[in-house]
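Colleague: Take a look at the following structure, please.
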Amino acid sequence: METDISNNQVSSEEEKMSRSLKKFLLVLNGAMLGIGNCGGPLIQRLYFLKGGKGVWISCFLQTAGWPFIIFPLSVSYLYRRRKKGSRTKLFYISPHLFLACAVLGVLTGFDDFLAASGVSLLPVTTYSLIIATQLGFTAGFAYILVKQKFTPFTINAIFLLSVGSVVLVLHASSDRPAHETDKQYIMGFLMTLGASVLYGFVLPLIELTYKKAKQTITYTLVMEMQMVLSFFATAVCTIGMLLHKDFEAIPREARDFELGRAKYYVVMVCTAVFWQFFFMGAVGVIFCHSSLLSGVIISGLLPVTEALAVLFYDEKLRVEKVISLVLSLWGFISYFYGELRQIKKLRIRLQN
């Protein structure tokens with residue numbers, strides 16, 4: 001009986017979610033995704049540039065910000081309780097969804113390790129361009145897992161964004177940091193590419209989880225799922241830290257950090273916040289639209305990340321990176337132009 005009441009409550013909330021509210025959530029989550037996507041790699045790279053050496057520590061910080069989600073969940077619960085009384089459930093997530101999110105969290109934990117390994121060895125500009133290849137993997141897995149439909153503009157966007165990344169790959173060796181060996185650079189390249197493939201798989205898998213859920217998906221439920229996902233990802237990274245005795249290394253790293261002990265911990269907190277923005281934004285965009293759009297935003301904001309890396313870290317913006325940026329921007333515009341055409345066609349059809 002309690003389950004039936006809960007399901008009715010969720011259905012009622014879903015029905016009340018207006019189109020304008022969903023657009024607002026899409027913009028909000030797109031903004032969070034953009035902030036995390038640009039700021040995450042920059043602050044994470046700062047950790048390594050100024051003396052940090054713990055790959056598992058950096059990996060841990062990518063999802064360690066999950067407790068921040070408790071605040072909006074608490075606000076949502078208090079709001080529901082005020083309107084619906086004591087029968088309001090504390091959580092909506094079912095055991096089936098909890099298990100699915102746990103598996104997604106473990107995959108995300110390994111993806112975090114690959115990404116942290118890559119950003120520890122590569123310049124931000126190179127890292128970001130390789131990560132942008134995930135759009136191609138996202139598109140492929142979305143077609144297989146959720147039967148994603150492609151328009152000519154979508155295909156053109158995927159092609160341009162993928163080619164932009166390939167251009168960098170062909171000239172990647174010219175960007176190797178002076179203090180690193182060829183072996184280290186290649187390892188960083190392969191780790192980053194692996195992170196790109198794995199996250200390209202995780203995004204459509206999250207969308208598939210939404211579609212296969214045996215309950216109505218609301219934004220509150222999305223936040224609960226993200227909290228569970230991040231918790232298990234953090235657990236994977238915690239095990240890695242324990243095995244490598246990284247918890248013992250934190251005070252030593254803080255003491256030797258070039259910016260000072262206090263700023264070491266500020267960098268750690270900022271890393272956790274930026275990456276939590278990224279992950280919450282990614283799942284939110286999937287909820288409001290699709291995993292493909294989430295991938296397009298990640299790849300399309302590449303020029304911003306590149307510009308910030310050149311500005312703050314004085315990284316070189318070589319010709320091949322400029323070409324890659326232009327192709328990425330072109331692909332980003334192509335995708336959204338196609339989306340606008342589809343919306344226009346739908347409106348005309350509804351009017352007729």
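Each position is counted from 1, following the chain as shown.
Each residue, glycine too, has its Cβ placed from N, Cα and C.
Annotations for this protein, taken from TrEMBL, read as follows:
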{"type": "TRANSMEM", "residues": "24-43", "note": "transmembrane segment"}
{"type": "TRANSMEM", "residues": "55-78", "note": "transmembrane segment"}
{"type": "TRANSMEM", "residues": "90-107", "note": "transmembrane segment"}
{"type": "TRANSMEM", "residues": "127-146", "note": "transmembrane segment"}
{"type": "TRANSMEM", "residues": "153-173", "note": "transmembrane segment"}
{"type": "TRANSMEM", "residues": "185-206", "note": "transmembrane segment"}
{"type": "TRANSMEM", "residues": "227-244", "note": "transmembrane segment"}
{"type": "TRANSMEM", "residues": "264-287", "note": "transmembrane segment"}
{"type": "TRANSMEM", "residues": "292-313", "note": "transmembrane segment"}
{"type": "TRANSMEM", "residues": "319-338", "note": "transmembrane segment"}
Colleague: Name the range, of those listed as 90-107, 127-146, 227-244, 319-338, that has the largest tally of Cβ pairs under 8 Å with the transmembrane segment (185-206).
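Modeller: It is 127-146, which has the most Cβ pairs under 8 Å.
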Colleague: Take the transmembrane segment (90-107) and find every residue of the same chain, 6 or more past its ends, with a Cβ under 8 Å from one of its Cβ atoms.
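Modeller: Non-local partners: 6, 10, 63, 77, 198, 201-202, 205-206, 209, 213-215, 218, 220-221, 224-225, 228-233, 235-236.
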Colleague: So if I exclude everything within five residues of the ends of the transmembrane segment (264-287), which remaining residues of that chain have a CB under 8 angstroms from its CBs? That is, six or more out.
Modeller: 25-26, 28-37, 39-40, 43-44, 46-47, 50, 52, 57-58, 61-66, 68-69, 108, 203, 206-207, 210, 217, 219, 222-223, 225-226, 229-230, 253-254, 257, 293-294, 297-298
Colleague: Among 24-43, 55-78, 319-338, which stretch has the highest count of C-beta pairs below 8 Å with the transmembrane segment (227-244)?
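Modeller: Stretch with maximum Cβ contacts: 55-78.
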